[in-house]
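Student: I'd like to ask some things about the structure below.
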Amino acid sequence: MLGEASALMASLCWTLGPLIATPVIKEIGSVAFSRSRMVIFVVLLGAAASLFADWSHLTWDASFWAVLSGLIGLSLGDVALFQCYKMIGPRLGSLIYMSAAPFTVILGWALLGEACRCKRCSGGRWRSAALPWPSPEKKKKRRALRPNPAR
């Protein structure tokens, strides 16, 4: 029961996060938002790791890959995602972001030879089936893109 509740809370956070962040991203920009988010993340993660983690098993090799993953995912990936939210909105951006899981499965199968059992992939099939589901969003009037008949 705790696992299901955790999954629902994570889903709620992933739903509310873009809706809350989009106005701030539009105000300060995706790079500044990502940078400030990274500072908060590093401080909180460093505090939690210092209090609760055992550092004796950490190797330099593992640290290198963790830092590289963080630089790619948290820097480049977040800036691109936040720019997406700024340009096309949180609903459509989240819908496109949902395609990350199916792409991960496909790339894992094609590049790494991973096997995906039918029973394990059933959730992914449901998620992939929801991707084309339309996400209605209010259309904003854009006068700059319309031709002016008076000219």
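Cβ atoms here come from the backbone N, Cα and C positions, even for glycine.
From a predicted model like this one, the values you see are computed outputs, not experimental measurements.
Below are the features I grabbed from TrEMBL:
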type	residues	note
DOMAIN	2-115	domain 'EamA'
TRANSMEM	6-25	transmembrane segment
TRANSMEM	37-56	transmembrane segment
TRANSMEM	62-82	transmembrane segment
TRANSMEM	94-112	transmembrane segment
REGION	132-151	region 'Disordered'
Student: I need to check the long-range neighbours of the transmembrane segment (6-25): which residues 6 or more away from its ends have a CB within less than 8 Å of a CB in the stretch?
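Tutor: Cβ under 8 Å, 6 or more out: 33, 82, 85-86, 89-90, 93-94.
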Student: Considering every residue in the domain 'EamA' (2-115), what is the mean pLDDT value?
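Tutor: Summing pLDDT over the domain 'EamA' (2-115) and dividing by its length gives 87.
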